[in-house]
Amino acid sequence: MDISKRIIKHFKDSAELKLKVKDELAQPIAEGAQLFFDCVANDGKILCCGNGGSAADAQHFAAELLNRFEKERPGLAAVALTTDSSVLTSIANDYDFNQVYSKQVRALGLPGDSLLAISTSGNSPNVVAAIHAAHERNMRVVALTGRDGGEMARALHANDVLICVDAKSTARIQEVHLLALHCLCDVIDYLLLGE
Ligand SMILES: O=C(CO)[C@@H](O)[C@H](O)[C@H](O)[C@H](O)COP(=O)(O)O
Ligand SMILES: [Zn+2]
């Protein structure tokens, strides 16, 4: 396959997956936005985590909530747990990489706060551990996953929200995750500000 054809196939595959999953994801994304809206409207904060590209997604989402998305509004309380290299390296060095997010959730999380947990496989142990830590702190969870939702789907409670992209490719799942995160921002702003 020539290189242009290869690139065009990526665009087609990405667009086709987004169209394929739009109807099944609309409801869980709406529920996730409502959960986060209720959280910040009641003075809670949103802690966000993931690995690799999903760490970037966690930061991207936290920045759009804390600063702004598309409209002027007060900053919303969102914190990415992926950014402080001193915290991350000390936990990984002294304990275990699997605890880099759960230890932060236990330290920072309060009842009424919420967790955005992102993993395309649904199986990253540090993200699964963050979900368990959030539950210990009486926090609700929005999980963004792929494939069959993996261990994360099994760890969720009934009042959590699972947004699972039914696909196998990590890159394609991440591309839908980014769209889902922008939908969450848009709906949170709509609930706050109206049209
Ligand atoms: O962005 C990519 C691949 O597109 C990678 O950095 C990817 O995020 C990393 O391999 C992650 O460690 C994968 O973890 P997960 O999505 O299974 O939780
Ligand atoms: Zn990637």
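Numbers run from 1 along the shown chain.
Any Cβ shown, glycine's included, is placed from N, Cα and C.
Those TrEMBL annotations? Automatic predictions, nothing curated.
If you look up TrEMBL, you'll see Asn51, Gly52, Gly53, Glu64, Asn93, Asp94, Ser119, Thr120, Ser121, Ser124, Gln174 marked as substrate binding site. For His60, Glu64, Gln174, His182, the entry in TrEMBL reads Zn(2+) binding site. Taken from TrEMBL, the feature domain 'SIS' covers 36-195.
Overlay of TrEMBL feature records on the structure.
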residue: Asn51; record: substrate binding site; DSSP (3 states): coil
residue: His60; record: Zn(2+) binding site; DSSP (3 states): helix
residue: Asn93; record: substrate binding site; DSSP (3 states): helix
residue: Ser119; record: substrate binding site; DSSP (3 states): coil
residue: Gln174; record: substrate binding site; DSSP (3 states): helix
residue: His182; record: Zn(2+) binding site; DSSP (3 states): helix
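Around the Cβ of Asn51 (substrate binding site), the number of neighbouring Cβ atoms within 10 Å comes to 20. Taking a Cβ distance under 6 Å to any atom of ligand 1 as the criterion, the binding-site residues Asn51, Gly53, His60, Glu64, Ser119, Ser121 reduce to Asn51, Gly53, Ser119, Ser121. Gly53, Gln174 are the binding-site residues among Gly53, Glu64, Ser121, Gln174, His182 whose C-beta comes within less than 6 Å of an atom of ligand 2, given in sequence order. In the shown protein chains, 9 other C-beta atoms lie within 10 A of the C-beta of Asn93 (substrate binding site). Nearest by CA distance to Asn93 (substrate binding site), out of the binding-site residues His60, Glu64, His182, is His60. Among Asn51, Gly52, Gly53, Glu64, Asn93, Asp94, Ser119, Thr120, Ser121, Ser124, Gln174, the residues given in the record as binding substrate, the maximal Cα to Cα distance rounds to 32 Å. Of all the binding-site residues in the record (His60, Glu64, His182), the one with the smallest CA separation from Ser119 (substrate binding site) is His60. Fewest other C-beta atoms within 10 Å: among the binding-site residues Ser119, Ser121, that description fits Ser121.
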